[in-house]
Structure formats: C-alpha cells, structure tokens
C-alpha cells in the first residue's frame, strides 16, 4: 500500500446516528477519470513509431485494440494485447493488392455522403493508402487490407471537419457492404442514420467493428454471426433517446471475439451462460447502460479477461467467487449496481489489478485487514457511496475543475469519526461552514480544505489539538484565527491564503514547531503579535493584508528564509530587518515607505568611480567609517521595494545594496527615484577592510599618505546574472563616465523614465559596455545614435564583426536591415511610414523609434518624405526603396500608376519586357492588368484567337467550330444548334440555327433587369440551347439583342407564346393576327354549326330509338365519330411534323387537316383567345389557358341552353302547325294495341285528378330530352377531354434556378412562359383534373351504372326513346360498350397529350391501345348480327385501318426513308382512312335510300296532301313550267335513283338465297339462287348479255373450285352448310331473345312456328305494296333450272295448311278474331291469297333477319304497352264515368268473344289470335281446292351433309290429333340446336 496512490471515495452517511440534512450531503458530479476506461482505449501512448506515417501510428496507438507491446507507461501484459501495433506492417498503395478492389466503392461512398468531392475522390484509384482515414496494414496472420476510420471526434482530422460542416444527418451508405478488403470498420461520432442490413455479414474480412455515437437504430442482423474473423465488437448508441440499437441482443457466436463493448443501447435480454461460454478468448467485456439487466455476474466468463466493466446493469447479491479466479484482471468496474455484502477477501487474488471501481453499490462492513496489500499496480480505487467503518483517512481531493467534483456542505456526521487522522477535501466545490461536530475529531492531524467555497469561522477547529497541517486557502473563511489553535503545539503548517481572516491568535507561544505561516490575501490589520516565539518559522507570507506593524519591533528569528509583506500598510521597515542572516527573499513592495520613513541604515557611504580606486589618507577612511553600515543581508537574493514613494536619488538608493554578494533581483519600480545613475555605484570599499587598515595605523597623519585601501567592484551577483528593475521613476541621466554599464547588472530595466542623456561607451580595451538586456523604451527625451551605414544582411552578422574596429566604440546601436512587413491596411494608420528596430544580437537593447526617427523610420513605397513625415504620391508617380522614398518619381512613358503607387505598370495591351519597357501584346495574346502591378500579356489559350494589342481576355475568341466557356478560359466544341462556321467574336450575340432557342434570364441583378441570355450573363458555361417544339417559330439569333428571334406574332420562351393581337389554334401552329369581326363571326358560326350537329344527331338518336333494330344509320354514325377521334390524333401528329419535317409536302400536310377533327364540337380557339385578350387585359398572360379551362363549364352550359332552345323550337313548330293546319306525324310506333287505344280514350275522357308539380314536370322534361342530353355529352366528350388534357400537357425544359444550377422543369405547352406546378398553372392544372373527372370519366361511369340499372328495360319503347342511342346495335350483354369507346377516346387523347414531343412514344402508346381494342373486339364482337354482322365487320375494319395507319406513321417517324417513300406511306394511310370513310358513308347512304324507298308512297301521299291543302293538284304540278319549278329535276332524279337502288338491293339480297314457307307441308325451306338468276323479273337482253360474259369469264373460277373440291369437297356443299347454319342461328337467336325479353317461363310448344309465321305476315304486307307499285307477280316457288331447295324447319302438314288457307279465304275480314288488327296482322292467318302466295314465294336471308328482329321488338312493345296500361289503371283512383265497362265490352266484342278474352293482353294477345286461327282451320271442313305448287305436291327434301343441320330438322306432323306431339318434337329439336 506504500507504492500506490489510494484514491478512496466513501459515502458514510447511512451509518450516521444523527440525522443529516440533505443540504449537507456532498453530491458528486460526473468526472473524467481515465477517459473512456481502459476498454475504450482513448489513452495516448508515445511509443516509438516504426511506420512511415507516424501520425497514423500515434492515432492507432491510443486504441486498446492496437496497444503496442511497449508503451511510455511500461510494458503491456501479453494477456491484454489484441493486435499490437508493433506487430503490424504498414502497407503502401502499391503493396496492398486487395485494397484496389474497393477503390470504386470507397470513392462512390465518400462522394455520396459529402466527405469528398468527385475530384478529391479520385485519389482512391491512384493512392488509396494515403487517405487520412485509411490505414493499410498487414496482420500477423498475413491478411492484408485496410482500416476505415471515420472518427468524428478526432480534433483537426478531415472527418471531424466534415462532421462539423454537416447540418443534417446522413443516411448510412449501403456502399459499405461492398467493401471486401476492409479489416476494420470504425465509425465514431458521425451522424449516420438508418439500420444495419443483413449484408453486414458479407464483410468476411472484418476484424474490428466499431459503431459508436451514431444515429443508427434497430436490431443487429443475425448475419453478424458470419463474421468468423471478428476480434472486436463495439456498439455505442447516441445520446438522443430512441436513436440507438434495440431489439434482442445478438447472439455472439464468434469464438474469435476478444473485445465486446455495448454502451448506451436499448437492447433487451441478457448474455446467458451458454453464450458466454463460447467466448473463451474474450479479454475485454464492457456492458454500460446497454438496456440489459443482469441479476448476477455470469459464472462462465473467460479467465483470460483483463477488463470487466458491468456498469448499471442491475447486478445484485454479493460478488461471486468466480471473480477471484480471474487473475489477469486489470480493470474491474461494477459501479452503479445493487451489489451488497462485505468486500470479499478473494479480491486480493487479483494481483494485476489497476482499476477497481465499486462505487454506488450497497457494500458494507469493514475493509479487510490486508485489503489492497497485493495490488502493487493499483492506480484507482473508488468505493464511495457504500457502507464502510473504521476510517482513518479520507482523501477526496483533485476534483476542482469547473462544474466538477464534490459539492454541497461538509457532513456534520463525520464528527463521529473519532479515529480520523487525515481529511483531504481540497480542489472540490464544497460550500457551507465547518460543522461544529467536527470539534470531536480529536485525532485529526491533517486537514486540507483548500480551493472550495467554504465560509464561516474556524471556531470548530479550536479544539483540534493534534493538528499538524491546516490548509484552508482559497475559501471564504472569516473572523480571527481561533485562540484554540494557538495551543496546537504540533502545528507545522498553517496555510489560509485568500480568505477573510482578520487576526492571529493572541499568543503564538505554542507554535514553536510552526514552519510555514501563510495568510496572504486576507484582512489582517493593525499590529500583529510578535513573531519571536516562532522558533522554527522558515516561511512567512502575510502579503496583501492591512498590517501596519508588529509587536516587539517586528523581531524575527534567524530561521526565516522567506518574508513576504507585500501590499500592506507598513510605514516603517522594522529595525530588526537590518540583520537578516538567512533570508533569501524579501518582499516589501506596495507599502507606504517614503523619503522620511526610509531607514537611515540604507544611507551608506558614497562610492567611487574607477578614476579614484584607493583610499590613501586616514581622514578619508574615518569619514567612511562614520557612516552607518549597510544592512546585513548576506544571503539575500531577491528584494522587492516597488511602488513605495521613496523619493531618493537613484545613486543613493542603490549604494545600500552594493556589497550584497548574493543579490540577483532588485526591483524598485515606481519608487520615485530621481537624479543620475553614475559610476559611483560601480565600486565600493569594504568597511571591515577599511576599519582594519585604520586600526593598524593609530598614529598616522590623518591627511598624510600612509598606504592605501583598494576599492571593490559592486553588485557581484547582480552584474553577472541579476536583474535590476528601475522602471517608472524619474531618472534623468545615465553616465558611467566611461565605465561599462554592464558592471551594474546583467539586465537593466529603465523604462518609463525621464532620461535625457545616456553616456555609455565601451572601455579603452574594447570591452562591451552595454548590459546583456537593456530596456530604454518610453523615454521620450532620449536621443541616441543609430548606425545605418553598416553593410550587413542581418543582425546575426554582428556577432562575427564584434571584434572589428568599425563597430567598436560609438556603434553600439545598429539598425536592423530587415525592415518589418507592414500590412496594407496598416499603411494609413502608420501615416505611410514604417519603422525598424536596433539589432539585439550582441546586447538586447530595446529602444523606441523616438531615439532616432530619421534612422529607424522611413516612408513606405508610394509615399515620400523622411522619418514619419510621409505624404502619398499622386497618380502617375511612384516611390520605392530601390529609387528611395524621399520624393515621388514620374512614371516612364507608356506606363502609369495609381495614387500612392510603389511602382508603375503598363497600360492594358502592353507588357513589360526584359528592359523594363512596355510593348504591345502580340496576336494570340491579350493584355491583362492585375490588381497590383504592371499589365502583362497572357496567352489566350488553346483554340483561341485574338487581335494584336487586345485588351482583356474577353477579346479572345475561339476559332470556328468552337465556342468559349463563359466561366473558364477554354474553348469547347460547338453544341447542336449553334452556328460555328465562323468564329464567335461577341459572346453576347451567339448565332443560332433556326429551330433552336437560347435560354434567357430576367433578373434585377443581371443586366439591370433586362432580358439576356444565360451565356451572356455568365450564369452558364455554354449557351443553353433548346430545341423549339414549333421549329418554324424560332428564326435564329437577333443580331442586335443577341436573343432568339421569333417569327411574327411569336414571343416568350421557345417562341411559344403569341404576342398581343395574335392567336393560334394550337401549340404547333403559327400565331396569326386577331381580326375581331372575323373572330366573332367564326365563333358564332361554329356555335351554330355545333348546335345544328347536336340537333341532327339527336334526330338520328330519337329515330334510332323509335325505329326497329333493323336500322343501322345511327350506329354507323357513332362508329364514324369514334374513328374520327382515333384518326384525329394521327392527323394532328402528321400536321405537327409537317411544320418541322420537309419530307411532308404541302399537299399532304394540308390534306392532313381534313382528318384532324376528333368528332367533337368544333371550336375556334384562336378566336376565343383574341376575344379573351380583348375583354380582359389582365388575363393576357393566361388567356390561352382560360380558353381551354372554360371547357369545364361549356358542357354544363350546353346541357342547360340547348334543351331550352330545343323546347322553344318544338313549341314554335307546334304553333306553326296549328296556324297552318299542317301536321307532321312522328314516326309511327311499331304497334298500338286495342287496350292502349282504349286506355288513351279513357284518359282523354277521364277528369285529371293529379296535378303535376315542378319536380314531376322537370322529370318529364328531362325524360323527353334524354336523347338530347346524351348527344350533348357524347358530342362534347372528346373536345372537353382534349382541352382538359391540354391544361395538363407539360413538356420538360432546361431551367436555371436561383442558385444558377441547371435543372429540368416542366412548362405548359400552351404557354411555356409559365412553370408547371406553380401558380398560376397550378390552378389550371387542378381545373384540368377536375374537368377530366367531371366530364371525361363521370359521364362514362354514370352511363354504365344507368344501363346496368335499367338493363331489363332496355328493349322497352320508353327506354329506347330515351337511351336507345347508347346501346342501339349492341348485343344485350354489351349494352355498355359505348363506355369502352369513350375510354378508348380518353386513352388516345391522353397518350397524345402526355407523351408530348415524343412521336415515337405516342405511336407506341396508340399501337398498344389499337391492338388491345382490336383483340377485345374480335374476342367479344359486341354488336348484334343485323345485316349479316355488318356492324362488327365495319368496326373491325376501322380498327385494322387505324392500326395500319399507326404502323405506317411509325415507319415514317423511326426510319430514314427518302422523301418520296415517306410521302407514299402517308398517302397510303390517308387512302386507307378515306376508304373506310367511304365504306361508312356508302352504308349510311345505302340504308338511307332503303328507308326512303320504303316510304316512297308515303312521301308521294304527303306531297299530294300538301298540294291539296295549298290548292295544287297533281295535274297542276305536272303542268307547271320547269323553269319555275326548280325541284322537278331533283324529284325525277330521286325517283330514278330509288328505282335503281331497289333493283340493286333485290339483286344483292338474292345472292344469299331465299327462305320460304311451304303451306302444304308446313316446312320452312331456303333456296339458293343461281348467280345468273334475276328473282324479280325476267332479264332484259342487255342484262342477259352481261350475265353471259360473267358466266364465260367464271370458267376459271369453276375449274379452281373443281380442283379444290377434289381436296376439300364440293364448295357448293360447304356454302350450303354455312348458309343453313346461318338460318338456324337467326332462328335460335330470335327464339332466345324473345324468351329472355318477354320473361317466358313456360315456352309454348309452337312458339317458334309463331315467330317465323309472323315474319312472313310482316313480309307479305311490305312485299304486296312493292308488287302493286311495280306490277310484278309473285313467284310461288323457285325456278327449276336455277335453284335448289333445302328443308330447314318443318311446320304444319300441308293439308292442314291448305285447309287453313281456304277457310281463311272464306272468313269475313271483320270476324271476331281478326277485328281490330292491322292489315299486316290480318295476313297473319293467311286470310288472303297474297299471304299464302308470298309464303310460297319466300323471302331473302336479309329479310328474314330483319323481320325476326322486327317480330321480337313488336312482341316486346306489345308486352310493355300492356303492362304499362295495367300500371296506369292501378294509379287511377277515380271511377271512369263517361264510359262504362259494359260499353267497353261491347266496343271490343261485336262477335261476342270478349267474355273469353278479357284477361289476354300483350304478346299473348297476338299469340292467342294465332292459336284461335289454327283451331278454326283444324275444325273447318276440308276444302275441295287442290293446292298446286308448280306441279309438285310437296317440297323436295335434300339431305344435307352437315350433321348440325340434321339435328334441327323436326318431325313431320301428319294430322291434327298428333299436333301436340309434333310441336313437342319441334321444341326439343330447337333446344338441341340452341
């Protein structure tokens, strides 16, 4: 225990019997003891460096991992070494082979986190190992790699500077995981954030992993177990809560680990014994606030441990005995836990222990007797805040840093420590007073309370009689030193400096052993007790008090060696001080000694100069002996008498100290000394020697010469090594009378005196007379000679010239030839002058410039004068030290200078040659005038040119093909868009190619707010060239302004904005002048056209709803409009490219305009743009956006205004009809049932009981105009979508931000001056999104939902009138398919506007849409099969044409085909679309003519009616002159056209054959006509001739058909099979649709017979009208030579059919079952020969399909009307009085049949009529009439080869009794076919 410094801190408060207030408890703050602990290795070692880079050596040596074997602290134990630094080899970049593999990853990572820039990071590829945070090493096992050290807390390091500069956290770089040669990853105090990933396990070479004080968080990946070579693992969290590692503790299955440290983390769990047992090589284990809780210390810890730190981990119980076996432990730290019990004795086994910290636990009991006796190397022991007893020594000193150490008051309870001998509490922050209980510390010998904040009195210490040392300095104690302390006989030291003590004890007699008494800086005053009793006193310090004197004349003993009475109130020097034999230092400064109180014994005999060195007479000798002797201070070394107002002459003052042999320091600063310092001081006579000489001559003559006594040199020690300080006095002269001043003192301070003469020279022997140090500053009247002519280069040369005569006498002061540098900002402060100093090489003489300003000062260059009187040289003149600065010299010709210039410089364009002449700069160079100095000629650089005599680098320009960098003096190759065929001389005007735009800026700090290019403003290195979207708007560079010249009417960014008074249709078109009148007319005209188109389409929509499904005109119009939208984007693309691509001719580009209409509302955008600019001048900037944004409201306006206009037109037309008595009938309904007619009559006659309100009226208004509203939405949908997308259409451009960085920003295509995403475009963008949602998608979604809701009512007349336009022509399952068309339209427009500026991308997008739509169409076939599947075929054709057009345009855009090939491909695409439009138009015309032809007779009748009403007959029509009736030729032409169309239509229909009904057998058969057969009438000669040619020309076809039949079979048979299947499909489809729409659950057995029979009834009615018109007899059966007949479906037997026909002929037309039917319905029961004849003559397949659709619609209409009448009756609550039920029954049953049929209605009424007719015909008598069918009694049945047709042939019904079975068989056969 004698060799260690025991640092014992104890908490003993719990053992105190007396309660202790909390304010008296010492609180300990955190302190630094062994910073970072031994484990952290933050100690630095100064071991011998063996590396080339010693900085990295010392950096690593501070780590415990790399601790060298030998350190300045000693030899490290082998057990504590991990990777000793002296066993590692330093590698260079060339020696570290694996390091190069990580160069790229390191470079990328450091640039990414900002540690290096890209230029600096290139060092990784060239010299990786030289980087400051990279250490390349070779381990003892031969592994090579590097250590990656990111230490953010290393002062002065590159990483630390980077961390300090960071303002935010940095994501942890994933590039770390790519390092393959890294041996150590050490990251400390770097603000990385994020998580560690499983890739950490890929760092297989890792030996060290340190992650300390970062912001990484989350759990540690389990993949860390793959680091099998890891030796050190250190994880420390950040100080911020929640930003540290957490989760379960990683299982360290790494047997190689030697160091594990986990600090300030939030891990959960703990180290288990199973985990610890695998770490047998572990040497350092630290768990400090890891978030873990360990109940006990693991018993399986490795015995190799040298450091075990388990701090704040929740340990409890006694210390386990296993610790005693860890004999290698050097550090054991278990602080801040709950360990209890006594300190075990087995700790003595830890013989290598250096640090033991057990504080803040619950240890108690006594310390073991031999506690610590074996810890010979112990450096630190901490046991405070435990429970201990029997304490003899408490030492808590050394904590006195700011805000550190112990605080609080002194514990009173320590007074019970009666055995306490030593208490050391110095250097803490203790407060309060000394407790009175401490008076019980009777055994206390040493008390040290220095440097605290204690206060109060010292009374509690009065009873401590055994005190030997009492240190109380630097506190705030007050009052007198208690008298009780005066009784401490053993007191040796009393040190109480810097307190407020006022007095000593009254008696000091018992302090005989006191050696040190120090009470400086207190408040002692008055007269102090005598110090004579202090027999052992050696040091007395009572300075800085208010002492006035001492009792006993201040007598002191001879033991004193040090007396300090400085800064008191002493007026007299105690007389006893005349003899101080052992005193070495005496401090009496700053008292009140003056001229009157200065002791007489200081007035010694005068001295003698060297010219009188002897005493030869007794008179002189006795005169000297009469003076009082000087003070006897033989050992005095230092005397301080400063700041006492002595007021004596300096020579007299110094004579008292001449004979002191040991005096080395004499200070008399500020003593008011006066007079001259003469040579009398330099010699003195020894009084003893003089006295002996006088005594030896008692009788000698006093005045006679009786020998002599020689003088002695004074100041023996002071002259050799001493310092004499006489500053701040009034000394006027220094004259040694030729003797060296160095005899006085080696260093003399004479500052701040009044010296006027200084006469000191070398002696005759040439010895140096000046002291080694002499300070003569602040003597304003002193003037000395300074040698300025000595030719020396520096003061050091004076040493070599010391013995030469030229620097001997009179040359002591030599000016330093090296004038000090003066900063430019100091020149004016110094008045344009500079001063040097005298050389202090031989003697350190310090003087001011005032001693000789002319020698020591001069003017600086640019100023002229002498000394400090300097003035500035005017412009054109100069001065410098080469030509002297006494005057200003004029500049040579060709040069000039500024005010105060030290030299002249050449003007720009000239340079100074070797002869100091200015000559002009040669070609290829330019003149430059630097801020200081003359102009120079500099080379312009590579690829630069210039004119001779060019001034400034800006006059250098690049040769052709290059352009100058505006920010660097280099030439870059010209970029695309710049004309570089000639050198670009003026950077402000850069010639641009047409079609390109140069980026400009407009800023207040650039060009005074004028618009200029970024290149001219030097904001960018090169011109920023942008390709103009509309190439023809950019016309190159304006020679005057340097900006891009725009076409007429264009301005702004990329010339994409129209000027005021100009407007354009689209972004890719020219801006044209606004003509207000024309614009208004155009706008009005397009509005009228739009309204007309909407009303026209509404007419067709309502017509489509009213007509049968056989009508296809409205559907064809929709297909055409949809195709227009798809083709319009392609046409717009072609039109856009035509402006920029010369491959498109004017004709083709102009013709492309024909296809740009998208099928929506035509709109004069330019007109509206002009109108908005005119009306709202404040909206000029956004007018082009408003003209598109207004479309968000136009649909709503149309939905309100157009229906109102339609209602007004309807009301006006009705009013005109009533006025003119002329009525137009609406298209007739298909059927008006008797019930509906009766109900109509009832409603008209019944009183109105319900009064309709506004809501009902509005609903009725909207219902009546549903078709108009749908047309408005359909017609505006593409236009609204296009305009809303135009608001979202942005194109990326280069943008210069406020930081002058080029970025990409999007700008709206319609106004590139704005920025997308910023105001005001952000407002319009939101409008665009809202418009798309409101008008592009919402109507589609609402339409689909609406159709889904009314799906079951789609075929009702009411719904067909409302919404028929939406689903007319579609299959019932695909009634929503119009929504697919709308979405296709939106997607097409979306691609067009979002892929703006990318034709290739647009075409790819359209191709994908086209292929998808074509595929979906072919898979779904959404249209029904009317007119032989014509609608699906037309849509397929349109999609194929669209896709082909896209492919052709793709070839044009992507390939570099010649112009003629591109034009040919474009022409081909146009022809394909024209062909498709022609097909659509021809089909529309064809079906339109068919409808007109069908109503030809009706039109004639109407014309006759009109003529009759106006008094014009048919004869008068014909008799009117043709010149006056202009319409007659049109009528004639129309009649001929209709006749021709009827024949052509009949011929086309006959090509597919006929279907006819054999009334004899009841079989439905179809007939295939020969191609040369004309079904309607016999051919004419011309027709026969043409048919003959076709027959002869078709022989080749027949031959080919014959050959194909050999391989594939007969083509005629295949054609027959296909047509037979087609007929079967028609019938089955009609059957299924009728059953579904009519919701028939029990299908009647003869329902199929009913359907086709009604088809023939409808056909016979229309055919009869046709035959009457053309006078053609019906053909009762096909001709034998030209047709073949085939059985399709068999019907009733021919006998029954004949009977029914004959009976029907005899039945009255107004019989009970036919009364009330129309003419066509009367034919239903074959009641005339026409029906029977036309049933035998048959109908074409086209007619069959058309009539089947008509039959189904008729049945649905009947059923709907019937159900509506029932609902209407139910809603009518009032009795019908005008027409009774009896009258109604009479009205319906003139034949008495109503009572049997009053419940029948709807389709069943017609079917019941059909049933009654069959029953009547069955029970009638067989007619005698034999039915002849052209010589054949029954139709021929031909067996068809197709098995499918065999299944649909039904059984023959032979008699009436078997009818039911036959019907069942037919139904079963039909079901199989379906």
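Every residue gets a Cβ built from N, Cα and C, even glycine.
Curation does not apply to TrEMBL; its annotations are automatic.
Annotated range for transmembrane segment in TrEMBL, selecting from 1220-1242, 1243-1265, 1266-1288: 1266-1288.
Looking at 1439-1457, 1496-1514, 1553-1571, 1572-1590, the stretch flagged in TrEMBL as transmembrane segment turns out to be 1439-1457. Of the listed segments 1026-1050, 1051-1075, 1076-1100, TrEMBL assigns transmembrane segment to 1076-1100. Between the transmembrane segment (1266-1288) and the stretches 1076-1100, 1112-1135, 1189-1216, 1323-1352, 1463-1487, the greatest number of Cβ pairs separated by less than 8 Å involves 1323-1352. Secondary structure of the domain 'EGF-like' (857-870) per DSSP (helix as H, G, I; strand as E, B; remaining residues coil): 0 helix, 9 strand, 5 coil. Between the transmembrane segment (1439-1457) and the listed ranges 1076-1100, 1112-1135, 1189-1216, 1323-1352, 1463-1487, the one holding the most Cβ pairs under 8 Å is 1463-1487. Among 1076-1100, 1112-1135, 1189-1216, 1323-1352, 1463-1487, 1112-1135 has the largest number of CB pairs under 8 A with the transmembrane segment (1403-1423). Proximity of distant same-chain residues to the transmembrane segment (1076-1100), defined by a Cβ-Cβ separation under 8 Å and at least 6 residues beyond the stretch ends, is recorded for 1113-1114, 1117, 1161-1164, 1166-1168, 1170-1171, 1174, 1198, 1202, 1205-1206, 1209, 1267-1268, 1271-1272, 1274-1275, 1365.
Contacts between the transmembrane segment (1189-1216) and the transmembrane segment (1112-1135): absent, as fewer than 3 C-beta pairs lie under 8 angstroms at sequence separation of six or more.
Model confidence over the domain 'EGF-like' (857-870) is summarised by a mean pLDDT of 90. Residues of the same chain lying 6 or more positions beyond the ends of the transmembrane segment (1323-1352) and with a Cβ under 8 Å from any Cβ of it are 1182, 1185, 1188-1189, 1191-1192, 1195, 1273, 1276-1277, 1280-1281, 1283-1288, 1308, 1316-1317, 1359, 1363, 1366-1367, 1372, 1375-1376, 1378-1379, 1382-1383, 1386.
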